[in-house]
2 protein chains.
Amino acid sequence: MASGTLLYAQSGGVTAVINATASAVISEARARKVKVLAARNGILGALREELIDTSKESIASIRALAHTPGGAFGSCRVKLKSLEQDRAKYERLLEVFQAHNVRYFLYNGGNDSADTALKVSKLAAEFKVPLTCIGVPKTIDNDLAVTDCCPGFGSAAKYTAVSVREAALDVAAMAETSTKVFVYEAMGRHAGWLAAAAGLAGEGPDAAPHLILFPERAYDEADFLASVKKVVERVGYCVVVASEGIRTADGTFVADAGGGKDAFGHTQLGGVASYLAGKVKDELGFKVHWTLPDYLQRSARHIASKTDLDHAMAAGKAAVQFALRGMNSTMPVIRRTANAPYKWRIEAAPLDKVANHEKTMPANFIRKDGYGITAAARAYLEPLIRGEAPPPYGRDGLPKYVTLKNVAVKKKLPAWEG
Amino acid sequence: MASGTLLYAQSGGVTAVINATASAVISEARARKVKVLAARNGILGALREELIDTSKESIASIRALAHTPGGAFGSCRVKLKSLEQDRAKYERLLEVFQAHNVRYFLYNGGNDSADTALKVSKLAAEFKVPLTCIGVPKTIDNDLAVTDCCPGFGSAAKYTAVSVREAALDVAAMAETSTKVFVYEAMGRHAGWLAAAAGLAGEGPDAAPHLILFPERAYDEADFLASVKKVVERVGYCVVVASEGIRTADGTFVADAGGGKDAFGHTQLGGVASYLAGKVKDELGFKVHWTLPDYLQRSARHIASKTDLDHAMAAGKAAVQFALRGMNSTMPVIRRTANAPYKWRIEAAPLDKVANHEKTMPANFIRKDGYGITAAARAYLEPLIRGEAPPPYGRDGLPKYVTLKNVAVKKKLPAWEG
């Protein structure tokens, strides 16, 4: 039996299945008699010594976590800087860990979180503090290096493909006398993975989505408008899917509706669909509608992918196993071993191969004309949205999502003046 | 056995279950050996003599229609004017009906369609043409008179409540360091039914959605912003649901993003959420996100309400029965006979009680402060989102929606010069 406590924390934008990872972490640790604390609001809770005792949660609650979206312990958008710049914070983390006998730190997030876990592990080594740091993958953006895909992406991808297929049927039915061009805005700052997933909604030149705009290709307005016009003339209507991060050839974001920057220094986006719809209306005169699903696309647990759920839980379980084996500074990643039938397994990747890298789509995933996905992209994407894993529903017609008690652990240190 | 053909047409914005009504109409008519034609793109197809022979569709396809969103034969936004103003069009309709031995006309739509069906029936009587006209209810807006609720609304309501519950979990997890105010824009030009349905997502002052803005109450910006601030201070974040049709005290729409007017003369809306989010950001300084689900909310068959599906199919079946019984100028409506347990039955309502009326929410459905729903509203709404009716999924992870063959009937008349 392992001695020492495991600390689990969630970081960055949440997903439909990050709590499934949490559920698997806690279940696996319980099976191995390891105590699990969770940090409230990610690394912030660790700094503030705001820790949650997960042993107060019932088995039923931990099981229900696996079908509950959001981030059950709270997540955060806080990026620690280098060990030199933020040394006091890293030292504080080690202090908190030691005060609560934390020997295993599992940080569930994207590449920024992998970077944080790696730095904590380096400082622990420097101070000769016994600590095993594990990054646990999570992001709807699917932009993590090494891993074949990221838990969270498959469910957002399924939401996207299903929503676009459904809305396209609506538009097709009404196009004769109403909306002719419909624009769907998909999340994805720098990588067009979710926009690409929309391509699964239909195949062939006349099937929606007719045009997909990727951040990997420069947005050329004249060409885009001409393409929309051609599709409407040929098909009667046009469904466009645009990645929020599309940019013109000079690197300017097409729309920057949020206008600010978040704590990671990323530009806040939001207005691409509305911009494109406005252009189509003004320049081509077609009646337009657009949608900005925003958070709905990353929290839609009701339409989660079973494959994605399996990945999320397997990653959580493996993270605990890696931790207990002392596989410091690693991340459980998904390795695809076959496409048809789809097969995969969990492997360990060194955190430094993941931290601060960003995976964009391979060039051969985007059609030559730049407006669609290739057969290679389909072969990659399709297994990831496969299978359904609906939550249980109550008699009130709503999914039965759990709210944890989140009982705070008594603080042992002076308040943090961060 | 009835002699004569039944013509079925879809009108106005489509819903997740209007095809379920179509499926029930065709099945019931087939069982009674009545031939069913469908008009392509609603009344427009009838005017143009663009008719579809539904007997060419397999039993499996007609069954699959019941789980396929959109409008399988095409719908339209075309409103006929008075019998005097549009007399030539009404006469043309009768001409087409007679050429194809149409004795039963089923028009599946909202109050404008009920009005059209009523006028056609009046002209048929004037010309002594044997024709039974039936309105079949459909609208996500839930604004039809007489009927307790409208097929299509329950599924859009379930989509709304589920989506708001899910997004609220996302916002709650991130609020400490990210988005503090989230705004969801619900469809509904003049009636706040869908916005009200969002209220089912949570109960009590601290549960999301914290503030609902109804078109039935004047939008008071100072009061709204003060309310948002209070909720954020108390709860840590604030989820707002706004009906697209909210107006200030002087009757001005808060946002009119579409800017134009449709064929019905309705103002096109779209930008309420973005407007409110902008105000919250500028005036209160909170980080905001917003969503505009747009067509996704009315085409999301994957999260349809079983109750709504049952209503839609029962209305279709009853419409055929009413037609064959010669119950001219009626509409099958839903009568609620008990709330707990929920019970309902189909009754016949005269079309003139439905045509051109609009049902807004009862005043006692809106909380005194104007920002939430009452227990009475919950008791009314909850049964309508109850039960799940997921479509079958393919091995590709997508719902198996059917595409009909839509074989055209040979034209018998000269082209329409409308």
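Every residue number used here counts from 1 along the chain in the order it is shown.
The backbone N, Cα and C atoms fix where each Cβ goes, and this holds for glycine too.
Feature list (source: TrEMBL):
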DOMAIN    A:8-322  domain 'Phosphofructokinase'
BINDING   A:Gly13  diphosphate binding site
BINDING   A:Asn111  Mg(2+) binding site
SITE      A:Asp112  site 'Important for catalytic activity and substrate specificity'
SITE      A:Lys138  site 'Important for catalytic activity'
BINDING   A:Thr139, A:Ile140, A:Asp141, A:Met187, A:Gly188, A:Arg189, A:Glu244, A:Tyr295, A:Leu296, A:Gln297, A:Arg298  substrate binding site
ACT_SITE  A:Asp141  active site, proton acceptor
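On the backbone, the CA of A:Asn111 (Mg(2+) binding site) and the CA of A:Lys138 (site 'Important for catalytic activity') stand 9 Å apart.
Note on proximity: among A:Gly13, A:Asp112, A:Lys138, the recorded positions of the record, the Cα nearest A:Gly188 (substrate binding site) is that of A:Gly13. With an 8 Å limit on C-beta distances, none of the recorded positions from A:Asn111, A:Lys138, A:Thr139, A:Asp141, A:Glu244 reaches chain B. The candidate set comprises the recorded positions A:Asp112, A:Asp141, A:Glu244. Of these, A:Glu244 has the most other Cβ atoms within 10 Å. All protein chains considered, the CB of A:Lys138 (site 'Important for catalytic activity') has 30 other CB atoms within 10 Å. Across the annotated binding residues for substrate (A:Thr139, A:Ile140, A:Asp141, A:Met187, A:Gly188, A:Arg189, A:Glu244, A:Tyr295, A:Leu296, A:Gln297, A:Arg298), the two most widely spaced Cα atoms sit 17 Å apart. Model confidence over the domain 'Phosphofructokinase' (A:8-322) is summarised by a mean pLDDT of 93. Note: the Cα of A:Leu296 (substrate binding site) and the Cα of A:Asp112 (site 'Important for catalytic activity and substrate specificity') are spaced 23 Å from each other. For A:Lys138 (site 'Important for catalytic activity'), the nearest of the binding-site residues A:Gly13, A:Glu244, A:Arg298 in terms of C-alpha separation is A:Gly13. According to DSSP, A:Asn111 (Mg(2+) binding site) sits within a helical segment. Other Cβ atoms within 10 Å of the Cβ of A:Thr139 (substrate binding site) number 26 in total over all chains.
The distance from the Cα of the residue listed as 'diphosphate binding site' to the Cα of A:Thr139 (substrate binding site) comes to 7 Å.
Separation of the C-alpha atoms of A:Asp112 (site 'Important for catalytic activity and substrate specificity') and A:Asp141 (substrate binding site): 13 Å, rounded to the nearest whole number. Sorting the binding-site residues A:Gly13, A:Asn111, A:Leu296, A:Arg298 by the number of other Cβ atoms within 10 Å puts A:Arg298 first. When secondary structure is read from DSSP and collapsed to three states, A:Gly188 (substrate binding site) falls in the coil class. Using a 10 Å radius centred on the Cβ of A:Gly188 (substrate binding site) and all shown protein chains, the other Cβ atoms total 28.
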